[in-house]
């Protein structure tokens with residue numbers, strides 16, 4: 001547990017900017033270290049085991065396959081709910097100095113976009129359409145537009161345009 005705490009503290013020291021100044025990112029994460037250490041770290045390994053996504057060290061954003069597994073995992077849902085509620089700022093954590101080959105990860109964006117990503121992967125979010133039951137006719141008559149020409153309107157000649 002001590003090594004994971006050390007990793008989080010080192011990551012906080014390696015915050016990079018995404019829309020905020022480096023100082024704003026540093027200040028925002030410094031205040032959240034204790035909450036992240038005690039609340040998120042116990043869920044990181046179980047979520048990684050469930051999904052195959054490596055958050056520490058990060059190797060990129062989750063793939064669609066990893067998101068499918070994360071969206072189905074109680075551990076990952078709990079982790080992302082905790083992250084969403086932690087009050088983090090929109091900044092990236094850069095683990096590169098600790099874990100060569102890792103990439104910066106914006107934990108805030110990962111948390112905030114999690115539910116929408118799960119919906120898009122599961123096909124949710126679309127509004128179902130309802131059709132009238134088969135064998136029935138609509139109760140409201142429909143009127144087709146008139147065919148032919150409209151009185152008082154003379155159609156203008158058209159000239160074919162050359163193909164591009």
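Every residue gets a Cβ built from N, Cα and C, even glycine.
Owing to the predicted nature of the structure, the values given are computational and were not obtained by experimental measurement.
Record features (Swiss-Prot):
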SIGNAL    1-22  signal peptide
DISULFID  25-91  disulfide bond
DISULFID  47-76  disulfide bond
DISULFID  71-118  disulfide bond
REGION    121-164  region 'Disordered'
COMPBIAS  127-156  compositional bias 'Low complexity'
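Once Cβ contacts within 10 Å are tallied over all protein chains shown, the disulfide-bonded residues 71, 91 are led by 91. With respect to Cβ neighbours within 10 Å, the disulfide-bonded residues 25, 47, 76, 118 differ, and 118 shows the lowest count. Per Cα geometry, 71 is the residue among the disulfide-bonded residues 25, 71, 91, 118 nearest to residue 47 (disulfide bond). Take the Cα of residue 25 (disulfide bond) and measure to each of the disulfide-bonded residues 71, 76, 118: the nearest one is 76. DSSP classifies residue 118 (disulfide bond) as helix under the three-state reduction.
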